[in-house]
Structure formats: structure tokens, C-alpha cells
Amino acid sequence: AELEADRRYRSPVMTAGNAAVACCSPLVWAIACIVAAPQLTAESYYVGTAGGKSEPRSSKSGLNGNESAFNLLLIGGTSAAVECHSVVQLNGSQWCSFVKTTEDCKLDSGFIDYLQGAICGFCHNLLPFAVFLYAIWLFYLFAFLGTTAELFFCPNLAAIAASLKLSHNVALLVIIFAIAAFSDPRTANMAIGALFGAGIFVTTIVAGGVALASPFIVASRPFLRDVIFYMAAVFWTFLILYFGSIDLGQALGYLALYAVYVLTVIISSLIYRKCKNQEHASLYTCQSEYCDVEDTNPSCIRTRYYEDASEYQPLIRTEESKSTKSILLDSLNPIDFQEWRRKRLPWKIFKCLLLPIEFFLLICIPVVDFDQEGHNWKRPLNCLQVVTGSLVCILAFKSGYYGLLCIGDQFPVWVLVLLISLIIAALIFFTTKNEEPPKYHCVFSFIGFLFSTILINTVATEVVNLLRAIGIIFNLSNTVLGLTLLAWGNSVGDLFSDITLARQGYQRMAIAACFGGIIFNMLFGIGLSSLIQMPYNNYVLEIKCDGLLDWILVGSLGLSLVMSFILIPVQRFKLGKVYGGILVSFYVLFIVVALLTEAGIIHV
């Protein structure tokens, strides 16, 4: 019943989550503009030198003469030794030349150079307008991620889990963000901020929202298990930040700790089911003799259901009479006209904004959904998706680096992929029927999962690059961008879905999702992303600490977990509105302290 309720309320909940992301971005930009506007008129500031240190310079020390601030930044070395954040110390007319000549400002991945586009593409007075355009584009990127995850990534993940008989209560979006951020050492702190920020948001705002929506009693053993493992992961990350590096053994340790967590969950589930089966077996023995008299035996109900199920089968199946052309045209329509008539104008406007995204994803990513008739098999569309999805993904992976390579300096790789995909699509089309899915239809769930993962990773890379550019313009650290924008964008969907589940009576499912998902995010987000980057960095990754803000981030998450670990058992595992208010207040206090620290008001 819980799984059915989750499926029933998933679509409107995720739509609300996407809308909340849209409302979240302007709020964040307002906070960024108020708290961390570039300090261009300060009496003194610090100028980075080639040695990586900073020395104070006065704004009245003759910078308007022959010795410009641009030259001062390069004293003692080349532009490779200067950080890109130093651009805010220059005059507006010098920003473009500084960005073009500084190695730290150059783009290593992604399709768009957002920093150079904003600084060199607009005059300095129009820079706020460029940031406004970037805010709209950021909303669209988050909408792309939310739509891909809701309509394509999660259904295929559920189909894979059903095919392999695994649990699919897993969130991978934060992991992809972490991998995208860890791929560049300059944005590794953004990944740390996103993982810890999402952890604090989920364990305080989401868990507190569930408690405020509907007080309930927490399942004691699963709660204690999840909190203990999460505290262990947080403490491990604290040690890594303290020592400033992560080696191969530590990266593998993250994955090993999650493996231990999974084994613990499996073993405890087996023990729980065994006890339940024994209880049901004894109950079944007591009631079996009354099956003919009363409808209390589940087997009687199931038998009757299957006997009468044939009465509800349609006499004429309209799907069989549809032509291939009509199936393709119907499949390419992303609008449900019945739903369109019921919805109000704001929803219709938001839907129109998402139509280009949904149509693009619809022609690229196949979806296997066991809840739909024929498991969502649509022969012409699935064949088209094999071709377009393969071509788009090879051109999107690693910003098109591998797709644009040439075999023998003459034959591009993307042309080879196109030819192979056309052959595969033709074989599928001529060996299958419109009326029934092939025996290998489950393979399309793996293909859709792969395609959606590549596209999500590509868009996540764009988000990371865009946030880094905004951080440089407003002189914000990567950590504060991760714990605000990325964390909110990734977790606001969980907030709406879990609160909706709680209001429908599934509070334990909601609170389990709060802790189970973030454990996976923390351990795999750092472990897997670090492991992927190990071969390119001599199997040791250096993690630059942002100072006091990092310790506030780690300490706040640890404190919230310890607080829940102590106070919830003291309350006999009753999660009420009072404690929900405490959790929400704790997060508000954390955000205030973090922003004041970023602004330099709180310092050591």
C-alpha cells in the first residue's frame, strides 16, 4: 500500500518540487547580492601574489598610474599563480583582460564559458543584467535536471530494480553533482558544501517538516542504525578535511562503509521478515478453517480476484489497431489534454516553459514503466530514441570531446555511433511488433538509465561552472554556493514529496527516506567521485579548506545528528511538532551563521 501511495502521489509532488526550485533561485540571488557584493570601493584589500599569499594594498597607493592593479596581481610570477577570485580587486575595465589571461579563470569542462561571457560579453555597468540572465538560465538547468530525474531517470531506475529484484529507494542526483564538482579541484569545495548542505537541509527542514505535518512514532531500530552510520560518515569526512587530502584507501573506505551499511540493512530486513512470517503463519493456521465462512483469509480474496479479473479486460484493444505513424505521433506529444483542461493558468505557463525540455528528452531517452500497459513499449519511438539518444549522448559526454574525435584523422566518432545506432534501430523495428514488447524490453531500462545519467552529468557540469562564475563575480566561496544553491536545488523535491507522504499517513516512509538517501549521497558522493579522479592526480586528492565556514558546515551537521540521536530516544521515539520546530529553527540559525561567516562578520 505504501508503494502504491508513493507512485500515486509522485507526479504532483515532483511537479511542486520543480516549481519550488523555480522560486528558490531568485531568493538565493537576492541573498547573494545583499551579503556578498564585490567590495570595489574598500580602503584596503589583499592582493594575491605568485607565492600564493596575500599582501595588503591601499586603494590610494597610485593604482591609477602606470603600475595598475592588474600588474600588481602578477608580481613575482605568471598568471597561473593567481586565483580568479582576485578579479574583484581590479577596476571594471580590467576584468575582461584579467579573465582572459589568468589560468585559474579558464574553463576545463562544459560547453559555455560563463565567466568570460558575463565579464567580456557585457560592459561592467550591465553586469547585473548578465547575472539576471544567468539566474533564468540556472532555473532552466534545474528544471532540466528535475524533469529528467522525475520522468526518465527514476522510472528506469525503478524498472532496473524490479528486474534485478532490488530496492529502488535511492537518490543519485546529488552523486552526479558531486562527481561533476570533484572533476575540477577548484570546485571540490562546492561538492563538499552540496553534500553537507543537503544533509543538514534534509535532517532538519525535511525531517522537521514531516514532524510538523503529522506527528508520529519513529521506527526505533532503523532510525538508530541510519543515524549511527551517518555520524560515522560525517566524522570520516571531518578527518579528511582536517588533513586536507584523500587517498585511495580512504576513497575505498567510503565505499566499504556503505557496503557494510547495505549488509546491515539486508540482514536486519531478513530477520524482521522471518519474524513476521512466523507470526503470519501462526495466524494463518488459526484462521484457515474459517475461510469458507468469512472473507478473512488473504488467499480467498486473491483467488476470487484472479477469477474475476478477466471480466475487466476490454473486448477490443485499440492499441492493436493503431498504425506505426499514429503511435509515433501520439508518443511525441508531451501534453496530457485531460490534465491540461483541469489545471489552472500558472501550471499551464510553467508547463509551456518545460515543453522544449520534455520534448527533447522524450525523443532521446527510452522509459520502461511496469505500471503502464505494455510496460510503456512504443516501437517507433523506442527505435527513434536509440538513434537520437546515442548521438546526443556521444556529443554531450565530456563536452563532446570523444564524439568529435576522428578515426584515422578522417572518420568522426559521432558518425560511427550514428551508423551503428541506425543498424540497431532497424533490427529492433523489423523484429518486433507494436502490440507487445519484446522479451529484451528490460534492456531499454538500462539504456534509458545510461542516457539520462549522461545528460544529467552534462547539465550538472554546466550548473557547477555557472555557480563558480557567479561565485567569482560576487566573491562568494564555492562552499557557500554548494550549501545553498546546490543543496536547496537537490533537496527541495524531497521536502515536498516527504511532507506529502507524511500527510497521507506514511510518516515512517518519509523519515526513512530522509536518512537512507543522504547516507548514500555522502558515502558514494565523496567515495566514488574521488575514486574516479584518483588516476589523474597520482591517487591523492588535495582538498582546499575554506577555513571557518567548512568547520561550521561539518559541525552543524554533526550537531544536528547528535541532537536527534539523543533527544528522539529520550522522547520515546515520538517525533512531535515541538521537536519539528526545533529542527527548523536549527537550520535557520545555521544559514544565518554561514552567511555571516561568508560576509566576514563572523571570523576567527
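In case you wondered, yes, glycine gets a Cβ from its N, Cα and C as well.
Sequence annotations record features per position, and here TrEMBL assigns domain 'Sodium/calcium exchanger membrane region' to 135-266 (among others).
Per TrEMBL, the feature domain 'Sodium/calcium exchanger membrane region' maps to 445-595 (among others).
Sequence annotations record features per position, and here TrEMBL assigns transmembrane segment to 126-145 (among others).
Feature annotation from TrEMBL assigns transmembrane segment to 157-182 (among others).
Summarising the annotation, TrEMBL assigns transmembrane segment to 194-218 (among others). Taking Cβ pairs closer than 8 Å, the transmembrane segment (194-218) reaches residues 174, 177-178, 181, 230, 234, 237, 482-484, 486-488, 490-491, 494-495, 498-499, 502-503, 505, 507-508, 510-511, 514-515, 517-518, 521-522, 525-526, 553-554, 556-557, 560-561, 564, 568, 572-577, 579-584, 586-587, 590 in its own chain, all 6 or more past its ends.
The transmembrane segment annotation in TrEMBL covers 227-245 (among others). With a cut-off of 8 Å between Cβ atoms, the residues of this chain six or more beyond the transmembrane segment (227-245) that come close are 192, 196, 199, 253-254, 257, 261, 264, 515, 518-519, 522-523, 526, 540-545, 550-551, 554, 557-558, 561-562, 564-565.
Sequence-remote contacts of a segment are chain residues at least 6 beyond its ends whose Cβ falls under 8 Å from one of its Cβ atoms, and for the transmembrane segment (251-272) they are 221-222, 225, 229, 232-233, 236, 519-520, 523-524, 526-528, 530-531, 534. What TrEMBL lists as transmembrane segment is 251-272 (among others).
According to TrEMBL, the feature transmembrane segment maps to 349-368 (among others).
Residues annotated as transmembrane segment in TrEMBL: 411-430 (among others). Within its own chain, the transmembrane segment (411-430) is flanked in space by residues 379-380, 382-384, 386-387, 390-391, 394-395, 402-405, 438, which lie at least six positions past its ends and keep a Cβ under 8 Å from the stretch.
Per TrEMBL, transmembrane segment is recorded for 442-460 (among others). When Cβ-Cβ distances below 8 Å are used as the criterion, the transmembrane segment (442-460) is approached by residues 141, 144-145, 148-149, 152-153, 155-157, 159-160, 163, 172-173, 176-177, 179-180, 361, 364-368, 382, 385-386, 389, 392-393, 396-397, 399 of the same chain, each at least six residues removed from its ends.
The transmembrane segment annotation in TrEMBL covers 466-488 (among others).
Sequence annotations record features per position, and here TrEMBL assigns transmembrane segment to 509-531 (among others).
Counting residues 6+ beyond its ends, the transmembrane segment (551-570) has Cβ neighbours under 8 Å at 192-193, 196-197, 199-200, 203-204, 207, 218, 220, 223-224, 227-228, 230-231, 234-235, 237-238, 241, 479, 483, 579, 583, 586, 590, 593-594, 597 in the same chain. The transmembrane segment annotation in TrEMBL covers 551-570 (among others).
Look at TrEMBL and you will find 582-602 (among others) tagged as transmembrane segment.
Sorting each residue of the domain 'Sodium/calcium exchanger membrane region' (135-266) by its DSSP state yields 112 helix, 5 strand, 15 coil.
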